[in-house]
């Protein structure tokens, strides 16, 4: 009985933490959606890399709602000893765990396919909005400066972009010796072609692979917590009268 009470208390505390994390994600998501520029000024390249591939604001809001609801469900189920709530909590967490494993496998096995898919989404956006949409341009500038890269694939992503049409040059990040913007020389097509600055997608993959141990450790830690939460919820479910 003491063991059951201890596990029940730990379940409540753990899910209270999850509940608060969900609320924080929701708040940050709303912040990014309303004022992405100030978010970038604070977090810089740490946040901007992912903003090329997904709408981070909406993504964080969606993730926050799920985590918020999951934390509430876990707290409610443990506190009221509701078998229905505990089983619902278990199955939602199981689905999330399976989705994460599937996403990891797809990312590892189908990297080339993912790159092609993202290229179809991101490159047209660069050609359309870089140089005309302030927030979009700032996100890319922060990313290219932080990762020392150029475009999604390379400098050709900026062809026909508003920036190129207005400045008759490519972004300085596409020319290694002009990144600091101290030189008078503009980043011409010939210069960008000669410099061969890596695209941000490949650079991001390189950074992830370089820090594979850290990334893997974080992923394993999250997976371990999810498994532990599922085991505890099932233990409580099975020991309730």
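In case you wondered, yes, glycine gets a Cβ from its N, Cα and C as well.
Taking Swiss-Prot as the reference, the stretch among 12-34, 127-149 described by the feature transmembrane segment is residues 12-34. Membrane topology taken from Swiss-Prot puts residue 77 and residue 239 on a shared side. Highlighted: of the candidate stretches 12-34, 54-76, 89-111, 89-111 has the greatest count of Cβ pairs under 8 Å to the transmembrane segment (215-237).
Just so you know, of the glycosylation sites 141, 154, the Cβ with the fewest other Cβ atoms around it within 10 Å is the one at 141. Annotation note: residue 154 (N-linked glycosylation site) sits in a coil segment as assigned by DSSP. Cα-Cα distance from residue 141 (N-linked glycosylation site) to residue 154 (N-linked glycosylation site): 14 Å (rounded to the nearest whole number). Along the topological domain 'Extracellular' (35-53), the predicted structure has mean pLDDT 52.
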